[in-house]
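**Student:** Quick paste of what TrEMBL says about this protein:
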- 231-244: compositional bias 'Basic and acidic residues' (COMPBIAS)
- 37-502: domain 'Major facilitator superfamily (MFS) profile' (DOMAIN)
- 221-277: region 'Disordered' (REGION)
- 33-55: transmembrane segment (TRANSMEM)
- 75-96: transmembrane segment (TRANSMEM)
- 103-121: transmembrane segment (TRANSMEM)
- 127-148: transmembrane segment (TRANSMEM)
- 160-180: transmembrane segment (TRANSMEM)
- 192-210: transmembrane segment (TRANSMEM)
- 321-343: transmembrane segment (TRANSMEM)
- 358-376: transmembrane segment (TRANSMEM)
- 388-408: transmembrane segment (TRANSMEM)
- 414-435: transmembrane segment (TRANSMEM)
- 447-466: transmembrane segment (TRANSMEM)
- 478-496: transmembrane segment (TRANSMEM)
Amino acid sequence: MYASREDIGYDFGDDSKVGSKPIKPNPNIDGGWAWMIVLSSFLVHILIMGSQMALGILNMEWLEEFNQSRGLTAWVSSLSMGITLIVGPFIGLFISMWGCRKTAIIGGILNALGWILSAYASNVHYLFLTFGVTAGIGSGMVYLPAVVMVGQYFQKRRALAQGLSTTGTGFGAFLMTALLKYLCTEFGWRNAMFIQGAISLNLCVCGALMRPLSPKDISEKYSVGSNSEENQEKALSHSPETKKSNGVLSEEPGKKEEATNEEVLDSVQHIENGGKSRSGQNMYGLRILKTVSQLTVTVRKGFAIWYSSYFGAASLFTNRVFVAFIIWALFAYSSFVIPFIHLPEIVKQYNLPSQNNIFPLTSIIAIVHIFGKVILGIISDLPCISTWNVFLMANFTLVICILTLPLMQTYASLAVVCALIGFSSGYFSLMPVVTEDLVGTKHLANAYGIIICANGISALLGPPFAGWIYDITHKYDFSFYISGLLYMVGIIFLLIQPCIQKKQPREKSTEEAQV
């Protein structure tokens, strides 16, 4: 659904040079195995984001099975979607330590485990832990490496590659909605989740396809380091400014830590070599000590890079427009997620299940969402068109659709509104460009990570809020009205803050003229 962080600031594919050493062309960059990485990322978007967009089917089954309130039941879906995005910055720690391939494979196992364990749920609270938390963290551990690897393998065609891979969200929402509906009808929701867990094991295959670049290729690309793990860690310190600001952290303390840890490892190895005559039990203990020391080195290096990358941008919050952008993100994504979770039940209340079974409304949103991303991206690339204006117009269209959706009570009218929701929500592909305009390229990666976290919080709180409003009013109308109005408040913040910032320089220039 989102453009990746590499597309906006993780400069894994920069053509930077160190000294005068020329960088040789790499056949795997922008070609060769790079397209297998795109395929892997595309499948990840289908299996993770597509499945999350189809959770409205399971939400209806959970309501009937456990007879809990809609607000409480909606927490299951929102936890899974929200945690997937919120944990993104923290998953960077695992990537910096173990690389994308291992992180994605572990995440695939965790995601599948969450689905399978959820099949044995006895209550909603059980689903909070198994599906919301376990499957959500697993999804986050696969999703971030999927977008990171595309950035590593592409330079010139990065935008095209990211566009192709993220369209998997729309395809996945369409396919997974039909699949889950069929499985629930034929086998019941418990067996459906068990089967979906088995399907999710394919995420491990996607992770296995994330082959890291060879040390030679990475050394040619970055002209630093000698192995792929070290260069992946260095690549995570995205921008030039971050690299400069991290100089003290990564050079002086880093060298001291490496020297200290190397001494420990050398001493352990010396004892191990000199103590061959000792008992096997003592040797076993020395091997454990050596392994722990090596793990400590890896963790300390990874944590230093991760901490400096994500917490070195405190100055971002002094930018009023960026703060307004965060407020907008807190309200925006929930307005897009709420229809996916609650539309199946709304259709059931309007007595439209027969028509919705032929072509689900959520599938309409998913399909049109694909075209919305492409078309809005093409329009914003036109020289005479402002990306900011396209972004605002798409937001206005979406908020109007959210406010008018409760007024539509026929399948045809709901289909039209859902199509407009899908098209206007294509502005997600413009978010990296807008973020760059607000904070500049130096803070782009960290800023986009914060926006993603804000969207995760929105996805976490939105559906339960809508269900809670229904439990009070016994209508979904007020849920859409309130979320739409909050969304409008976020848009107003985006409109006001740029005007304030434009006035401040003019006021200063007037004062200088008077002096």
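Please read every residue number as a count from 1 along the shown chain.
Any Cβ shown, glycine's included, is placed from N, Cα and C.
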**Student:** Near the transmembrane segment (160-180), which residues from the same chain, at least 6 beyond its ends, have a CB less than 8 A from one of its CBs?
**Tutor:** 1-4, 6-7, 34, 37-38, 41-51, 53-54, 56-58, 146-147, 150-151, 153-154, 192, 196, 340, 360, 362-363, 365-367, 369-370, 373-374, 377, 429
**Student:** How about the transmembrane segment (358-376) and the transmembrane segment (103-121): do they have 3 or more C-beta pairs under 8 A, pairs 6 or more apart in sequence?
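**Tutor:** Contact between the transmembrane segment (103-121) and the transmembrane segment (358-376): absent, because fewer than 3 Cβ pairs are under 8 Å.
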**Student:** Please report, as numbers and ranges, the same-chain residues at least 6 past the borders of the transmembrane segment (478-496) whose CB is under 8 Å from any CB of it.
**Tutor:** 321, 324-325, 327-332, 334-335, 338, 342, 392, 395-396, 398-399, 402-403, 405-406, 462, 465-467, 469-470
**Student:** Do any residues of this chain, six or more beyond the ends of the transmembrane segment (388-408), have a C-beta under 8 angstroms from a C-beta of it, and if so which?
**Tutor:** 332, 335-336, 338-339, 372, 376, 379-380, 414, 416-418, 420-421, 423-427, 430-431, 434, 437, 475-477, 480-481, 483-485, 487-488, 491, 494-495
**Student:** Going through 33-55, 127-148, 414-435 one by one, which has the most CB pairs that fall under 8 Å from the transmembrane segment (75-96)?
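**Tutor:** It is 127-148, which has the most Cβ pairs under 8 Å.
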**Student:** Using a Cβ cut-off under 8 Å, which residues of the same chain at least 6 positions beyond either end of the transmembrane segment (447-466) come close to it?
**Tutor:** 2, 5, 8-9, 70-72, 74-75, 77-79, 81-86, 88-89, 310, 313, 316, 322, 325-326, 329-335, 337-338, 341-342, 431-432, 435, 438-439, 476, 479-480, 482-483
**Student:** Any residues 6+ beyond the ends of the transmembrane segment (127-148) with a Cβ under 8 Å from its own?
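**Tutor:** Residues 2, 4-7, 10, 12, 40-41, 44-45, 48-49, 52, 62, 75-76, 78-88, 91-92, 94-95, 100-101, 103-104, 106-115, 117-118, 121, 162, 165, 193, 203, 206-207, 210.
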**Student:** Taking 3+ C-beta pairs under 8 angstroms (sequence gap of 6 or more) as contact, is the transmembrane segment (192-210) in contact with the transmembrane segment (33-55)?
**Tutor:** yes
**Student:** Quick one: average pLDDT across the domain 'Major facilitator superfamily (MFS) profile' (37-502), no decimals.
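**Tutor:** Mean per-residue confidence for the domain 'Major facilitator superfamily (MFS) profile' (37-502): 77 out of 100.
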